[in-house]
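Per Swiss-Prot, the feature ATP binding site maps to Q85, G103, E104, G105, K106, T107, D491. Per Swiss-Prot, Zn(2+) binding site is recorded for C818, C820, C829, C830, and the stated evidence type is sequence analysis.
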Amino acid sequence: MKLFQKIFGSYSQREVKRIMPIVDKIDALDSKVQALSNEQLRNKTDEFKERLDKGESLDSILPEAFAVVREVGFRTVGLKQYREQLIGGIVIHQGRIAEMKTGEGKTLVATAPAYLNALTGKGVHIVTVNDYLAKRDRDTMAPIYEALGLKVGVILHDMSQSQRQEAYNCDITYGTNSEFGFDYLRDNMVIYKEERVQRKLNFAIVDEVDSILIDEARTPLIISGEGEKSTEFYNIANGFAKSLEKEDYKVDEKANAVMLNDTGIKKAETFFSLENYADPENMEIQHYVVQALKANYIMKRDKDYMVKNGEVLIVDEFTGRMMEGRRYSDGLHQAIEAKEGVKVERESKTLATITYQNYFRIFNKLSGMTGTAQTEENEFRHIYGLDVIVVPTHKPIAREDFPDVVYKSAKGKFKAIADEIYETYKKGQPALVGTVSIEKSELLSDMLKRKGVPHQVLNAKFHEKEADIISYAGQKGTVTIATNMAGRGTDIKLGKGVVALGGLKIIGTERHESRRIDNQLRGRSGRQGDPGMSRFYVSLEDDLMRIFGSDRLQGIVEKLGLKDDEAIESKMVSNAIENAQKKVEGNNFDIRKTLLQYDDVINKQREIIYKQRSQVLEGEDLKNDVQDMIKSLINSIVDSHISGIEEEFEDEIVKLIEYMEDVYVPKDSVKKEDIINLSNEAIKDKFIDIAQKIYEQKEIEFTSEQMREIERVILLRVVDTRWMDHIDDMEHLKRAIGLRAYRQQEPAQAYQFEGSEMFEEMIYNIKLDTVKYLMHVQIERAPERERVVKNVITNQESDSIKKTPVKREKTVGRNDLCPCGSGKKYKNCCGRTV
């Protein structure tokens, strides 16, 4: 393979070679666009749109459009794109991932493909990792788009509904992955189409694409309402977990799982008074126990989470920041609260959910950019159909990457790191020190204080100062300790006299599970041809080496008889570290693939429900759909009641009539003798005929317009109620499905099969409820739509979107008669689910 690459070049090099003629065309137009006035450049937008309307493709106008953006960029923000930046822009337009090193100007690169694709009028989303970067990038690049007559907006967390609608209606919209995803879910929960904020999802350019599409892929977006379950059992299960001894359970650090062994199971049966712990009827107890074990023996305080003011806060494993407002799902957060002795919050009920994998796959075209993507190319290709093109740097990289230094113990390693920082500080050379956890950054900070080294520590709390601190990290004599990805998206520029000292020194205190995260830390130095250096310090006590490192390496170190403060550097050690990282990356990829397998089941179901919901919202005439629904329901009911066994036929007919009376048939209007001698098809026709007559009567009773709105009101309410219950049921199924492996069933296949059966059942119940309500409807006031659930929150931040008021007529009181005509009070009928 290496010989092939030497002769023919790598895949990226060959693809860049193919792109070069387009870059040459853009370059050739440079003098021509320089001669145009600002107004003439602005008019180019209208010209391009006309050409697209006449059938030209985006690819055919690309050279001119890119040349225009390049010139306008120079005139408005003083930045002219290099040839390498144009290559990156073309790669993005082609729906691929551009790997561009830190400092190569990715924010500017996105402007040309965003402009070109915005000409279609279908909108472009530019996705960043946080609100600060979204606003900064929008404010920085807006002059370019506005000079060309395009509108550019930004979505920020605390925006109102009308502000969001305005931002999404712009040609180009900046925002974060979570805001875009939650708006999509919320749009599919609205009850009036005017409340929707997003347009159809057209083209997304994802900045820091590896962070969003890979690191965040295991965290689904969840909108939830308050659940009904008691929290007391979390405390009971926690008491059980704490009573166990080491020999009662087994921790699998590779799989991040913990399970009871035989002695632990016996103790569980005694503790919970069970005959057989493994019985399916004990599934709920098993769930509480598993989460309590995970909370106590896997989740670590100040690494995975922090406790602050009586609240458990998640710490992002990649950025080291506290994620206020976000909670672990599936009861794990409650289990940690029980472990830490703080108030156990009620478990929430999932109302809407989607993974980033499935959200971003909705876009017609997806692309991205990052400094590090190549190590995950297989995953990008497999999950998203994206290939990674490494874009050459504008200037050669002058950073020197030294081999890893390996110590026997963490104590010896940190002493060596502190000594190295001290020597670097004395020399005046700036140092950026990357740590993997809050605990480690605080340990190192204490060591530096004792040595009298002034330094900045960045961990856990994201604030706008973070970008300033990181940007200052290249100044003379500065020492900055930060989690590996802190301040991502901010360039570190070297201060006066730093080049002569060797540039910014990067010190990694531990190898991360992913090579990509290590490469990101390294990439903070050596920006745009600047000098720099990097080195990682590793100990055999580090999690990576302890869990995934080879026994052979441990044996060699033992034989060498290394002391704590002695280090080794060797190719074999470096290879062992890289192999350990590859193992973890493969493991994590498998986990994400499995999660996607599960999510694809509910994703197909979600698409069907959201499409049906959208048709209802758009005000389509549902009369024919309702008629089909009635026929389909009646056919199903008759087929399920009549088995074809002659001796049971009479009894089945009686039960069928009783069931039909419960759904819509007026009592005693159909007698047993009326249908006992009819064929199955004739029985169906008779019941369909009764239903149509009742429906025709309703059409006469109300105006046709009223009847169409009644259909929409009822269908929306029924679909929302049933879908939310179904999501919850699917969550329970997923939780329990792992036990199928003990029955020689493949869990993912069992989930797919049973999930499909549950979906069919939900569709049947939607038809049943809709027909039932429609047949009994009696209106005393104009039909009005109401949300099924009113108080909802997201799993990322407390949901503070300000809703634009929509005028409503007076709502139905809880104790009023239900407008569906059942004769019951509203709170005991349709209002039961509100």
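Glycine residues also receive a Cβ, built from the backbone N, Cα and C atoms like all the rest.
What Swiss-Prot annotates, mapped onto the structure for a quick look.
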residue : record           : DSSP (3 states)
Q85     : ATP binding site : helix
G103    : ATP binding site : coil
D491    : ATP binding site : coil
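Close to T107 (ATP binding site) in the fold, though at least 6 residues off in sequence, lie D137, T140, M141, D207, each with a CB less than 8 Å from its CB. Neighbour density for G105 (ATP binding site): within 10 A of its CB lie 17 other CB atoms from the protein chains shown. Our reading of the ATP binding annotation (Q85, G103, E104, G105, K106, T107, D491) yields a largest Cα to Cα distance of 16 angstrom. Here the binding-site residues are E104, D491; the one with the fewest Cβ atoms within 10 Å of its Cβ is D491. Of all the binding-site residues given, namely Q85, G103, K106, the one with the smallest number of surrounding CB atoms inside 10 A is G103. Cβ proximity to the ATP site centre (mean Cβ of Q85, G103, E104, G105, K106, T107, D491, cutoff 8 Å) flags the following additional same-chain residues: M100, T102, L108, V109.
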